[in-house]
Amino acid sequence: MSIYEVLQIIVPSAIFFAAPLIFTALGGVFSERSGVVNIGLEGLMIIGAFVSVVFNLTFADQFGAFTPWLALLAAMIVGAVFSLLHAVASVSFRADQVVSGVAINFLALGLTLFLVKKMYGKGQTDQIQVGFDKIDVPVLSHIPVIGPLFFSNAYIPSYLAIILAFVAWYIIYKTPFGLRLRAVGEHPMAADTMGINVTKMRYIAVMISGALGGIGGGVYATIISRDFSHATISGHGFMALAAMIFGKWHPIGAMGAALFFGLAQSLSIVGQTIPFLKNVPTVYLLIAPYVLTILALAGFIGRAEAPKSLGTPYIKGKR
Amino acid sequence: GCGGQGGNNAGNKDTFSVAMVTDVGGIDDKSFNQSAWEGLQKFGKDNNLKKGRGGYDYLQSSSDADYATNLNKLVRSDFDLIYGIGYLMGDAIKEVAKQNPKKHFAIVDTVVNEPNVASITFKENEGSFLVGVVAGLTTKTNKIGFIGGMEIPLIEKFESGFRAGVKAVNPKAKVEVQYAGAFDQADKGKAIASSMYASGIDVIYHAAGATGNGLFSEAKDLKKKDPNREIWVIGVDKDQAPEGMVKVKGKTYNVTLTSMVKRVDVAVYDVAKRAKDGDFPGGKTLEYGLPENGVGIAPTQDNIKPEVLKAVDQWKQKIIKGEVKVPTNRKELQQFEASLK
Amino acid sequence: MNLNRLNQFFVPVLAVLLGMIVGSIVMIVSGYNPIAGYSALIYGAFGDPYYIGETIRQTTPYILSGLAVAFAFRTGLFNIGVEGQLIVGWLVAVWVGVSFDLPKVIHLPLAILAAALAGALWALIPGILKAYLKVHEVIITIMMNYIALHVTNAIIRSVLSDEGFKSQPIHESASLRSDFLDAITYHSTMHYGIIIAVIGAVIMWFLLEKTTKGFELRAVGFNQHASQYAGMNVRTNIVLAMVISGAFAGVAGAMEGLGTFGNISTKAGFTGIGFDGIAVALIGGNNAFGILLSALLFGALKVGALEMPSSAGVPTELVDIIIALIIFFVASSYIIRLLLSRLQKGAE
Amino acid sequence: MEYVIEMLNIRKVFGNFVANDNITLQVKKGEIHALLGENGAGKSTLMNVLFGLYQPDGGEIRVKGQKVNITDPNVANDLGIGMVHQHFMLVDTFTVTENIILGSEPTKGGTIDIKRAEREVRELSERYGLAVDPTAKIADISVGMQQRVEILKTLYRGADILIFDEPTAVLTPQEIHELIQIMKKLVKEGKSIILITHKLKEIMEVCDRVTVIRRGKGIATLNVSETNPNELAALMVGREVQFKTEKKPAQPGKPVLEIKDLVVKDARGVTTVNHLDLTVHAGEIVGIAGVDGNGQTELIEALTGLIKAESGTILLNGRDITNLPPRKIIEAGVGHIPQDRHKHGLVLDFPIGENMALQTYYKRPYSKRGILNFKAIYEKARQLIAEFDVRTPDEYTKARALSGGNQQKAIIGREVDRNPDLLIAVQPTRGLDVGAIEFIHKRLIEQRDQGKAVLLVSFELDEVMNVSDRIAVIYEGKIVAIVDPKETTEQELGLLMAGSKRKEAGVSS
Ligand SMILES: Nc1ncnc2c1ncn2[C@@H]1O[C@H](COP(=O)(O)OP(=O)(O)OP(=O)(O)O)[C@@H](O)[C@H]1O
Ligand SMILES: Nc1ncnc2c1ncn2[C@@H]1O[C@H](COP(=O)(O)OP(=O)(O)OP(=O)(O)O)[C@@H](O)[C@H]1O
Ligand SMILES: [Mg+2]
Ligand SMILES: [Mg+2]
């Protein structure tokens with residue numbers, strides 16, 4: 001295999017692998033930029049996966065090819081609503097945000113499996129029949145070299161994820177909303193004295209994270225697992241959390257980190273087929289993505305600065 | 001000193017009750033747990049048993065630590081025969097069986113040497129051999145894939161039988177083997193499938209549980225994109241034809257070439273029946289292979305060409321007659337491959 | 001002051017009650033009988049010596065993983081890697097249990113210490129990266145979990161067994177099991193690990209609250225700058241905190257290896273005990289005594305839940321919902337406190 | 001309509017504590033009105049009520065004659081009230097412009113119009129003479145400039161009633177001078193100012209009237225022209241206060257600290273201490289005077305072992321302590337009152353009693369064989385709390401809950417009690433009221449009289465002149481002059497600090 005052929009395998013699979021992580025990590029960026037730790041990303045993905053699959057199974061006949069899109073919409077809405085729990089607990093009730101996030105994870109898993117049992121009388125759903133199609137992007141996929149790498153055999157949601165990262169960057173760094181969001185996460189009291197409603201901003205941010213986490217889970221379920229069970233989302237939310245921190249709480253950084261994970265993952269898969277790696281025991285390839293991440297962090301990425309007031313509830317009048 | 005008066009020979013009671021403990025997959029895992037439960041249900045129906053205590057029942061585990069607890073619960077509920085489903089339950093069955101020597105137990109997929117335990121194993125290698133034959137004769141690219149869940153002896157058995165089957169009918173074909181390291185990572189399954197299909201592989205067999213979901217998803221998406229492309233999945237454990245259905249512009253295709261079925265239901269039914277009839281095979285290991293109909297090729301065979309089916313049948317007979325000994329691990333596979341030359 | 005103390009005790013209890021109440025609402029809404037559900041739950045957790053034994057067995061590793069998480073929290077670190085440290089602890093405990101033939105008084109402690117050391121070493125890496133390169137411990141520990149899982153599986157396959165999926169059983173001399181416990185709990189899998197777990201809690205309390213080193217670790221956890229000004233070595237303290245946390249996690253693994261299972265099998269996924277430890281620690285207020293109680297709560301809920309489907313027809317997942325609700329209520333103790341103080345004021 | 005602001009009988013209660021007990025404050029249009037009171041008297045609380053951060057429990061507020069209900073800062077903004085807070089309300093990672101426009105951003109098609117914003121900020125800063133760099137990050141600019149940003153924030157919102165809560169506590173003399181000019185300019189533009197400060201001199205210099213409060217109660221409102229500092233201090237503290245701390249002449253002994261040819265680089269690698277020489281003797285207080293940013297921070301950090309010196313030596317009692325770890329230096333006999341008490345001085349979440357053992361916890365009797373002896377620790381804490389008049393409910397109270405002055409007293413108690421040969425005090429009285437300042441100065445002199453060496457770093461020329469026996473002027477990382485406080489003037493010091501060479505007294509060490 002030539003390097004180019006290898007790339008042709010690695011790159012598309014890295015991108016689809018990364019897509020759910022990108023959505024979810026972007027959600028994390030919004031929440032944490034506003035100062036609310038969101039360790040509940042895993043739970044939000046679970047909710048999204050569940051909703052999108054149930055929606056898909058229920059309405060595929062009515063909506064046909066639109067089903068997966070509407071399912072993502074549903075996952076987004078339910079994810080946002082579900083994340084309200086985290087917002088209420090950690091913003092209004094001044095709960096420890098880590099605790100509340102852990103509760104979100106427990107609740108999401110328990111509730112969705114409970115509902116699956118209730119609705120279908122079994123521990124997992126059937127397979128959905130209408131998913132997203134693999135496409136070759138018109139025109140772009142014909143660009144020599146780049147086309148086959150980046151614009152062939154891909155899913156639209158993957159591109160949406162990447163586009164969304166740039167949109168998020170724009171929102172966070174270029175709009176009044178973003179400025180206020182960051183201010184609330186860095187110095188809520190300063191924001192308060194400037195007439196910004198800290199509570200409202202944090203609610204919005206947490207709900208955005210719920211919406212994006214929901215989409216992330218939905219994309220995962222729709223493109224990858226195609227059904228929902230206890231094992232559908234297993235650690236992906238934590239990987240998204242890692243991507244967010246790896247990306248230094250920056251949307252583009254988070255996207256880059258998620259793509260890095262995807263790349264490392266598919267490298268380790270393709271590695272098994274590269275002749276001179278053939279005799280390397282499988283375990284080295286299995287751990288390669290994680291080791292690579294650690295090396296990258298230790299080697300050249302360096303320290304990350306979290307938003308200053310991350311994790312502290314804002315209490316008016318308290319220094 | 002635990003509850004109940006039961007414990008003498010179960011066959012003598014007027015109602016015979018039977019139960020099983022599943023692993024975390026539960027009774028609808030589309031795999032061996034589900035199959036086992038189907039066997040029990042059939043047994044229950046055939047013998048007019050009710051679901052629940054005194055009839056037939058199951059308990060689901062939510063972690064490895066629950067196996068012994070659940071088995072004990074069933075012992076204390078006084079079931080006459082108790083199944084542990086899956087190789088992971090071996091230790092727990094052994095322990096509980098020792099503690100309750102008068103109770104009858106059965107374990108699926110591994111061997112427990114206790115006088116009151118019947119061990120049920122399958123010759124997955126034989127069934128895999130047959131689908132290997134299918135793969136070897138169906139491939140156009142002479143490139144075939146195998147995706148394993150975890151690298152454990154059980155899965156190696158699938159791998160070795162499959163590779164032997166391919167080699168036996170198509171020496172030119174190469175089998176690419178990858179292990180995902182888990183049974184529940186569909187994303188990894190999809191990534192592996194994606195890289196395999198991209199490298200020209202056209203038939204992939206999996207023994208990877210829910211990781212295999214990713215394989216189906218990838219195959220279907222590729223098929224949808226290009227219905228003319230011939231790519232196939234070979235399913236495992238149950239008939240996975242429903243998983244392979246894909247509709248393109250009103251036309252229905254199925255990427256499932258066939259499946260290697262493992263009839264846990266047959267074995268479970270069988271052992272329950274024998275226990276009821278007072279013929280409990282305690283201390284014995286029952287190996288279900290091709291002759292016992294314990295493994296085989298799924299009934300959905302629409303995608304297999306008739307001549308291939310014919311070849312499958314010939315090999316099946318050879319195996320049943322003992323003319324071919326199907327390897328169970330990689331070492332035996334090497335010997336087998338050498339013997340072909 | 002006195003009222004505060006009382007509240008400190010009442011708030012978690014109230015949180016548990018509230019969680020149960022909302023849980024019963026969920027049951028009613030979804031058509032189950034909450035009384036039957038909870039009876040089954042309680043019976044399944046404490047109904048007779050067998051169930052009590054199982055509950056204690058389940059509680060044991062929860063205590064230790066909770067302590068591991070809490071120790072890190074108290075020293076300013078978030079150790080999501082308890083799961084991985086637990087797995088390597090389990091592996092090494094079993095390895096020692098299988099490979100040596102020694103008198104019990106030496107073998108058992110040796111196996112436990114080896115597990116502690118393994119967990120500590122596994123935590124050393126994120127500790128060093130955090131202390132010297134300021135790399136966020138959360139990512140590194142997440143990554144280390146996966147590495148632990150795969151590496152352990154590979155070692156089990158190639159070293160501890162002959163290409164099989166599980167190790168040999170450990171020698172009797174390294175086992176925490178006993179015929180006595182087996183007899184009094186009607187063959188439950190309970191083992192002497194509970195004593196070690198309780199000792200662990202005492203050690204953590206003593207270490208943090210009473211010792212000089214604990215003072216330093218807490219100070220560094222709260223304010224690195226001030227600690228450095230006061231002459232403490234911030235870096236070594238960070239590494240040490242992580243390592244001690246990892247040691248607790250390693251011992252939690254030893255409980256599984258030397259007690260519950262007596263061997264180690266290749267793992268298809270995480271045990272969950274490490275992640276549950278986060279919840280245990282948080283419900284227990286990151287305090288050693290609180291963790292004993294919250295681990296017991298967790299253990300009882302998890303073991304009792306197994307009884308719910310067969311006796312009351314209630315899915316076990318309901319327990320996860322109840323646990324989540326309890327965590328929410330504990331987390332929102334501010335509101336509960338507020339309500340309590342309103343009530344107290346009203347009563348005056 | 002005489003008053004722009006009338007706060008009538010304002011009451012504010014926290015729990016059971018009455019922070020504002022029916023205080024009345026009336027501000028005339030175009031005046032600078034001082035609000036004076038001890039630490040914790042309730043000044044900030046009153047102003048936070050006016051700014052809408054707190055809701056009063058009683059009383060009424062009128063703005064320009066209209067009764068108003070200021071429910072949040074937005075309402076205050078609309079009423080033209082702006083506040084420069086005691087603790088800066090600036091987002092460190094934002095630029096000057098971003099901080100100023102936050103909450104009322106100019107936009108163009110949904111995007112922040114940053115170009116326009118920068119232009120507006122620049123215009124505004126030129127108009128009021130508030131020099132700032134609109135594109136600089138807050139983290140990178142001086143405290144003085146941060147203060148100007150705070151003022152610009154209020155002006156940007158069109159405020160014509162400005163509240164300054166202790167604006168000068170963190171400024172250097174030059175910056176204070178500039179600020180005073182700015183305030184004068186603002187009133188000339190028709191704005192009204194409420195100024196909170198502990199520095200009576202400033203009140204005398206710029207204010208028209210002054211309202212004094214004590215323990216939450218209004219005491220008096222006076223015309224500045226009709227009062228004097230002594231009267232104000234007495235009103236505020238409730239007793240006579242000495243401004244000039246009494247002290248005997250110094251009796252310098254052997255050298256305790258000898259710094260020779262010291263070179264230190266800051267975090268960015270810039271050499272900020274540049275071949276510095278300085279000696280401090282037993283029994284004397286050496287004050288370091290200098291404009292912020294001339295190497296003071298790095299000098300102190302090198303002395304205390306927090307950063308490494310590039311070259312040169314530091315001797316303590318003749319022993320080389322250069323680049324030893326902090327603990328070794330502490331044990332060698334160095335005490336340190338850090339500039340930032342929250343960040344470096346205390347573990348705010350520890351009880352105040354344990355904070356007092358922050359350096360000694362590992363020694364007998366506080367620790368035996370690795371086990372802490374809390375009895376001994378808290379006994380010591382009780383003794384220090386009594387001795388240093390730390391006002392706290394008890395020794396188990398978290399340090400966070402103490403007021404700044406009391407936190408500072410606790411730190412000083414802790415450092416002095418260790419009986420160090422060299423006591424380094426950096427800005428020890430920042431933000432404290434005259435009573436607390438008096439107390440702390442007395443303690444420093446007491447140390448000197450016991451034969452200790454004291455190195456005082458302060459931006460307050462008053463303090464340096466008052467307390468020191470010798471003044472070392474630092475400029476661009478060097479000691480450029482050593483002067484005797486009795487023989488110099490503030491003007492002369494100011495010139496030296498600005499880098500002008502002194503003819504007679506050359507560089508000495
Ligand atoms: N949010 C609060 N909760 C409870 N008590 C408070 C709060 N804010 C202030 N106090 C109390 O009110 C008193 C007055 O505080 P305030 O900040 O107004 O003092 P101040 O006059 O501004 O002091 P300083 O000169 O030190 O700035 C404090 O001593 C404190 O006890
Ligand atoms: N949110 C709060 N809750 C309780 N007490 C508070 C709160 N905010 C302030 N305080 C009280 O306010 C007092 C400190 O307020 P104050 O502003 O007077 O201190 P300070 O001397 O100005 O401190 P600094 O020098 O740091 O500005 C303390 O007694 C503290 O108990
Ligand atoms: Mg104040
Ligand atoms: Mg103050």
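Keep in mind that glycine also has a Cβ here, set from the backbone N, Cα and C atoms.
Residues annotated as transmembrane segment in TrEMBL: C:9-29, C:35-53, C:86-103, C:110-132, C:138-156, C:190-208, C:238-261, C:273-301, C:321-340.
Residues 7, 10-12, 14-16, 18-20, 22-23, 26, 279, 282-283, 297-298, 301 of the same chain lie 6 or more positions beyond the ends of the transmembrane segment (C:321-340) yet place their CB under 8 Å from a CB of it. Here the transmembrane segment (C:273-301) sits apart from the transmembrane segment (C:110-132); fewer than 3 CB pairs are under 8 Å, leaving out pairs fewer than 6 apart in sequence. C:238-261 is the stretch from C:9-29, C:35-53, C:110-132, C:138-156, C:238-261 with the greatest number of Cβ pairs below 8 Å to the transmembrane segment (C:190-208). Long-range contacts of the transmembrane segment (C:238-261) within its own chain (CB-CB distance under 8 A, at least 6 residues past either end) are made by residues 57, 60-61, 63-65, 67-69, 71-72, 75-77, 79, 81-83, 85-94, 97, 108, 111-112, 115-124, 126-128, 130-131, 137, 170, 174-177, 189, 191-193, 196-197, 200, 204, 207, 213, 217, 220-221, 271, 273-274, 277. Here the transmembrane segment (C:86-103) has long-range neighbours at 61, 65, 68, 110-112, 114-119, 121-122, 145, 148-149, 151-152, 155-156, 159-160, 167-171, 173-175, 249-254, 256-258, 262-264, 267, 270-271, 273-274, meaning same-chain residues at least 6 beyond its ends whose C-beta is under 8 angstroms from one of its own.
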